[in-house]
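A.B. asks: Here it is, the structure, as structure tokens.
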Amino acid sequence: MTKNNEGFTHRNFAAVLQKYKYDLNLGDIVAGTIFSFELNGVLVDIGTPISAYLPIQEVSSNQDLNNFTSLNINDTREFFLLDYNIQSKQLILSIRRLEYIRAWKRIRQLLAEDSLLNVMIKGFNKGGMIINLEGISGFVPNSHLGNFQKSEQFNNKFIKLKLLNVEEKSNNLILSHRRALISQASSNLIVGNIIEGIINQITPYGLFIKVGNLKGLVHISEINIKNLEQISSQFKIGDTIKAVIIHVDKKQGRLSLSMKHLR
């Protein structure tokens, strides 16, 4: 019933509809009323002489939805005009495609507004966190989790995030917890302020400092040492240090610190 018809074009579709003197095109959004349930789909009245059919797999993009539980006889709503089945002579409708289009529209708006989002965690993998935003699967890389510890106990819990990269054509949705944390604490993150934090990572290029829920970097060039070998002997993980805020990168959620500028 839902199999695409090879070789069937928009011109063929237009010819079929012209026969019935009805002005529709593939990709149109149409209003319709559900009037019958079938084994693998529902029949919908969209005001055309040609019957319209909504396959079960086109009901929703939400994988948690169970078949037709969200639909009822006499429900009137909008559908996406997906295809025309030559064999059954039915217009094929989709709610899933309509949800997808509208979800990306909302995501583009959220990106433009740089909104702080409360998003459900769906799981974790080696590279980071998997989330769901407006029905679209998204990803938070490890580098943008900040001090958040990955654990399955957080599945289906909510986390504050900000959008980092949105590419609708490639269905690529990247978010950042680090950006959200910087945004929430921005009123206290003033360049020149002295902060106190705990060293939680020592690298050849500097010290990573835990400042509340935030992670800041004291680059090696901003530490009062004469050579690189001194960094491991002078500092230990767990040490509490003071540093000066020298840069707040809200776009990438980065906090740059300096020990050279301490008075």
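Glycine is treated like the rest: Cβ placed from N, Cα and C.
According to Swiss-Prot, the protein has these features:
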- 27-96: domain 'S1 motif 1' (DOMAIN)
- 114-178: domain 'S1 motif 2' (DOMAIN)
- 192-260: domain 'S1 motif 3' (DOMAIN)
A.B. asks: What does the DSSP secondary structure composition of the domain 'S1 motif 1' (27-96) look like, as residue counts for helix, strand and coil?
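C.D. replies: Across the domain 'S1 motif 1' (27-96), DSSP assigns the residues as follows: 4 helix, 34 strand, 32 coil.
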A.B. asks: Counting by DSSP, what is the helix, strand and coil composition of the domain 'S1 motif 2' (114-178)?
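C.D. replies: Its residues fall into 8 helix, 36 strand, 21 coil.
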